[in-house]
């Protein structure tokens, strides 16, 4: 059931709630550095405490917890709420106050008319990027924990194409960091194109063209043979490497 109200809590209100269920669950909210890299987007980030998640937190959103999420384990319920809250803050910053973000097919977020966005969460950190469709048509963001070398070796066959491996040979980067970056980049790509194709694609459906972790940039190509006519296939993006983690963003 959707509550008959718009969100009434802007960022300054939330940050002032120092003794509330929300402040115990999310001790800090920040504007992500990606917000400064492109015009007309808003990216919020937070750390959250899974053990402090409660049903009462939904008083801060314009919607009730979806039935499918209520049945999930606490970790999933916590990350879902944190991600939705970051998305709502972004929508409010862009001037939209009726911020119900339903769950669509394949669990994809259903954004309010005129907006698009992407939500990601990992390691008790949630992020969301939101933009107006007036300026952007593709938007995907992903945040991942670094992949250990043994796991990178195990997933490389599914993750990397021949073109990806050729690019790796040209770079001065260890294999685990390369796989971590590629995994996140392809996740961002899939999120960016999903609203236009409505189905999942494989890691093998994308080729890495460029990657410069020190400069925080990359270029990736969608080589999916079923791509509809008119779909953009080459995307440049942003990458942020922090200790133990990697975050990527595609805007087009």
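Cβ coordinates are placed from backbone N, Cα and C, and glycine is handled just like the others.
Here is what TrEMBL says about this protein:
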- 65-131: domain '4'-phosphopantetheinyl transferase N-terminal' (DOMAIN)
- 76, 84, 120, 121, 142, 187, 191: CoA binding site (BINDING)
- 139-219: domain '4'-phosphopantetheinyl transferase' (DOMAIN)
- 142, 144: Mg(2+) binding site (BINDING)
Most crowded position, judged by CB atoms within 10 A, among 142, 144, 187 as binding-site residues: 142
Fewest Cβ neighbours within 10 Å, where candidates are the binding-site residues 76, 84, 121: 76
Whole-number Å value for how far residue 144 (Mg(2+) binding site) lies from residue 76 (CoA binding site) (Cα to Cα): 16
Neighbour tally for residue 120 (CoA binding site), based on other Cβ positions within 10 Å of its Cβ: 25
Largest separation between Cα atoms (Å) of residues that the record links to CoA, namely 76, 84, 120, 121, 142, 187, 191: 19
Counts by DSSP class (helix H/G/I, strand E/B, coil) across the domain '4'-phosphopantetheinyl transferase' (139-219): 46 helix, 17 strand, 18 coil
Coarse DSSP state, helix versus strand versus coil, of residue 121 (CoA binding site): strand
Integer mean pLDDT for the domain '4'-phosphopantetheinyl transferase N-terminal' (65-131): 93
CB contacts for residue 191 (CoA binding site) [other CB atoms within 10 A, all chains]: 23
Residue counts (helix, strand, coil, in that order) that DSSP gives for the domain '4'-phosphopantetheinyl transferase N-terminal' (65-131): 27 helix, 19 strand, 21 coil
Rounded Cα-Cα span from residue 121 (CoA binding site) to residue 144 (Mg(2+) binding site), Å: 8
